[in-house]
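Q: Handing you this structure, nothing more for now.
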Amino acid sequence: MKRTLLVSTAVLALAIVPTTSVFAEDKTTDQSQTTNKSQSVDKNQTPTSEEKKVVEYTKNETAKTEKKKEPVVVEEDNSKKEAISNKEKVEEVPKNGWQKENGEWLFYENNQPIKNWKKIAGVWYFFDQNGIMASNRIVNDYAFHTSGAMVENSWVKIADKWYYATDSGKIVRNRWERVGNVWYYFNQDGVMASNTLVDDYLLNSSGAMAQNDWEKIADKWYYATDSGKIVRNKWEKINGIWYYFNSDGVMASNQWKDAYYLKNSGAMAEKEWIFDKSYNSWFYLKSGGAYASREWIDAYYLKSGGYMAKNEWIFDPNYNAWYYLKEDGSYVTGAFNIENKSYFFQGDGKWIQSPKYFKVRPITAYIYSESGDILSYVNQGSIVTYDSSKSKGSRLAVSISGLSGYMNQNDLTLVDEESEFIPHYTTDGRFLYHELSPYTSIRVAPHTSAMKIGKKYYPNDGEHFDGFTIKNRFLFKNLTEPTNYSADELNRVYSMMNIRNSRLAGKGAIFKEAEERYGVNALYLMAHSALESAWGRSQIANDKNNFFGIAAYDTSPYDSAKKFDDVDKGILGAAKWIRENYIDRGRDHLGNKATGMNVRYASDPYWGEKIASIMMNINSRLGGKD
């Protein structure tokens with residue numbers, strides 16, 4: 001090699017061509033270096049053909065240079081250069097450790113892939129016969145993570161199925177396993193069971209064995225007790241609610257179990273109505289869950305079997321009465337048309353074959369003549385006597401406080417004589433009283449020998465009784481006639497009656513002035529004001545100086561009542577108003593609903609009788625001058 005370089009140097013010195021000599025050196029050097037890297041060559045080895053060519057080329061080139069003395073350019077052999085480069089590229093490097101080939105992981109030792117098991121950095125891995133690492137799969141009952149690490153005491157999900165490997169690395173098969181205080185079941189393939197039943201044990205969607213919990217499987221509900229087993233063929237109380245589970249353990253819903261009904265939620269119905277489409281009927285489930293049978297629930301009757309009665313008659317032996325149940329199941333009250341015939345029922349639904357009394361329902365109700373004209377009106381709760389022989393269409397023939405006429409059926413409700421108080425008259429041997437309620441009575445007249453003590457009298461007009469007739473002189477007294485009492489005597493009334501804090505006390509002179517100015521009896525005015533204003537102490541009296549109920553209508557008495565400037569004007573103004581609106585129009589006495597002021601002045605059918613009773617009492621205390 002040294003000789004070759006010397007020759008080249010001599011040639012360069014003569015020809016002055018540096019480029020050619022550089023190429024030759026690089027190529028030779030590169031070839032020499034590449035040969036040393038790729039293989040070991042024996043020092044005594046015979047030169048190769050390549051080496052031979054280089055030597056021959058050098059010799060020939062030197063001879064040519066010496067002859068011609070012209071620069072000679074040596075062209076580079078590219079094919080030889082490429083061969084040398086490829087030789088470098090395919091140089092084999094020994095493999096060790098992890099290698100990823102064709103998307104798979106392999107592990108090498110001494111340039112050879114590991115096959116079978118290998119513990120690497122404290123973790124077990126498995127490699128198949130091709131050296132490929134097992135990943136996210138089961139091999140010989142051993143489970144491997146996606147990383148390739150063997151699973152130990154842990155879960156792994158493979159192809160959407162869960163497996164569990166113990167500390168040995170093997171998956172659990174065909175048995176129960178307790179993991180973190182929770183029981184799981186694994187089938188013969190090692191797959192965790194979920195949302196299913198295994199030997200009556202309920203497994204939820206997470207695979208955990210259910211305890212004291214619900215689980216829905218294939219649209220059916222199951223319940224597992226504390227043991228984990230489902231409830232079968234029996235009732236179970238869960239959080240205070242009863243449920244029933246059939247022989248398959250399925251919760252019953254929308255169905256009957258004996259006398260009990262299971263709702264859509266499965267809960268047993270209690271204290272509620274249930275409509276069962278299968279029977280097209282309503283049922284009532286009582287406290288405890290059993291359906292009501294042959295009994296009343298409010299206004300509804302449940303027949304044998306629990307069916308609600310409707311559009312039919314029912315006889316209840318417990319009450320010895322007939323009832324009619326409407327389309328909605330409620331019993332009928334009042335007048336009701338059944339197959340074009342009118343029937344009458346009490347407020348509690350009992351049918352009355354021969355009704356006698358009705359009660360007024362609205363705040364006020366009108367009484368009409370046969371032709372339909374308004375005769376008078378009565379207040380809520382008033383009891384009217386019924387005359388079945390005279391009823392017309394939707395109006396019933398009635399009588400009250402001396403007035404006979406017709407009232408709308410809708411304004412009346414039938415009264416049960418046996419259970420409801422009916423106003424009547426009775427005597428205690430001293431006076432005849434009108435008993436208006438169990439707590440209210442008014443004195444009507446002195447007792448006479450014709451009256452029987454303890455007997456109840458029911459006269460329509462308060463005058464004609466069974467065996468005698470009375471005439472209350474104050475009820476029919478002409479109110480234009482003055483009283484025989486002076487202002488001072490009238491002033492004494494409030495203390496005699498023990499009336500305190502009355503705004504009317506001491507106003508005897510004003511009552512007498514009203515009597516003189518407007519021609520209205522002063523004793524009547526005092527009695528009238530006593531009834532309407534509670535002896536001058538009512539709110540309307542205090543706020544509006546209205547002592548006579550003028551314009552105090554039943555629907556809004558306080559708001560509608562007329563207001564006067566002071567007490568005196570309240571008395572005088574009322575006397576003037578009564579004179580103009582009643583006495584001058586022919587109603588010059590108190591009367592009842594047939595005659596007098598009571599026809600229009602008040603809805604209370606016994607308003608006149610009450611004022612007359614007060615007049616009688618005052619007259620008695622003052623000496624009976626009137």
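Any Cβ shown, glycine's included, is placed from N, Cα and C.
The annotation signal peptide is assigned in TrEMBL to 1-24. The annotation region 'Disordered' is assigned in TrEMBL to 25-71. Taken from TrEMBL, the feature compositional bias 'Polar residues' covers 30-48. The compositional bias 'Basic and acidic residues' annotation in TrEMBL covers 49-71. Residues or ranges marked as repeat 'Cell wall-binding' in TrEMBL: 114-133, 173-192, 232-251. The domain 'Mannosyl-glycoprotein endo-beta-N-acetylglucosamidase-like' feature in TrEMBL is assigned to 496-626.
Describe each of these features in terms of where it is and what it packs against.
A: Each residue of the repeat 'Cell wall-binding' (114-133) gets a DSSP state, and the totals for helix, strand and coil are 0 helix, 11 strand, 9 coil.
Tertiary neighbourhood of the repeat 'Cell wall-binding' (173-192): same-chain residues 138, 141, 155, 161-164, 166, 198, 201, 203, 207-209, 228, selected by CB-CB distance under 8 Å and a gap of 6+ residues from either end.
Taken through DSSP, the repeat 'Cell wall-binding' (232-251) splits into 0 helix, 11 strand, 9 coil.
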Q: Sort out the residues at least 6 away from either end of the repeat 'Cell wall-binding' (114-133), same chain, that have Cβ-Cβ distances under 8 Å to it, and list them.
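A: 104-108, 139, 142, 144, 148-150, 169.
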Q: Please report, as numbers and ranges, the same-chain residues at least 6 past the borders of the repeat 'Cell wall-binding' (232-251) whose CB is under 8 Å from any CB of it.
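A: Same-chain contacts beyond the flanks: 197, 200, 220-223, 225, 257, 260, 262, 266-268, 289.
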Q: DSSP-wise, what's the residue breakdown of the repeat 'Cell wall-binding' (173-192) into helix, strand and coil?
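A: Within the repeat 'Cell wall-binding' (173-192) the tally stands at 0 helix, 11 strand, 9 coil.
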